[in-house]
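Contents: one structure, followed by commentary.
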Amino acid sequence: MTMNLFNQFLSPTFLGLPLIAIALMAPCLLYPSPAPWWQSNRWTTLQNWFIGSFIKQILSPINTKGHSWALLLATLMVFLITLNTLGLLPYTFTPTTQLSLNMAFAVPLWLATVIMGFRNSPTHALGHLLPEGTPTPLVPILIIIESISLLIRPLALGVRLTANLTAGHLLIQLVSSAAFSLLLSQTTAASLAVGLLLLLTILEVAVAMIQAYVFVLLLSLYLQENV
Amino acid sequence: MPAGSAFGNWWSLMRPYYTKAYQEMWVGIGIMTVLYYKVSYGAASLNKVCSKRLTELSLFISVRDLFINTPKWFGYPIFFYSEPKLSLIN
């Protein structure tokens, strides 16, 4: 039973070729490209409005130096939200349930913010390791604690996204298996399970969008600290 | 050629990002590439050039090979691309 539950997270391959590459290209195929003319159609206008509002909201606390990250943060948000929500469709594979993918996003982006901080203003970046107003006896231990919290950030970023999506998909599979197996023998219990499945699916759609937003928001906060 | 001009158009737009704005990103990308290589292929490549003892040591680098002797009921980690190897020596 344990094997069957986790089979949905195995990276799909076909004749030895990893299909995750095709899964990762899916968001690129779904969105219209910007048109060369002045006024676009409704769908493109809506897309542009969403990206513009999101970027204004994310970049408002960051100073001008960090605005070069606007393209990256917008792309990352759209990419993650699309991968997460597409994965909720039946029989689809969610690449963001793979820890390798999420760590590949988290580590380079977090490390880039740290290196930017040390490169532009090393004193200011080191100052983040000691909060203001710390009593003198606590200084050594607090520096160690802050350093550990700094180093754990990419791990937390990657694992948060992986765990949230994996847990959601696992719950959906458990409840749907229960509903399916009880369908003929105990119809009332099966209908309750279907009701629970509906609520769970709505929750998972929300979690998919929120987790993508949280990932990008935390990255923008790390950028704000170091720019 | 359409493919060549498409790449040229894309590069002319993205060049300032990849060369100036995201310089610090390449460090992390390089580190992750090396780590993924070590985890996926570390033991296999060391097996060819090093002694058996060093190869066994490299098993600690290759996460995949740690699960060779694990019973199947334990379950497979979700980030494996293929089944773990069944023997230490290829």
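For all residues, glycine too, the Cβ spot is worked out from N, Cα and C.
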Checklist entry - According to TrEMBL, which stretch among A:31-52, A:163-184 corresponds to the feature transmembrane segment? => result A:163-184
Checklist entry - In the same chain, which residue numbers or ranges, 6 or more beyond the ends of the transmembrane segment (A:101-118), come under 8 angstroms Cβ to Cβ? => result 20, 72, 76, 95, 124-126, 128, 150, 153-155, 157-159, 161-162, 215, 219, 222-223, 225-227
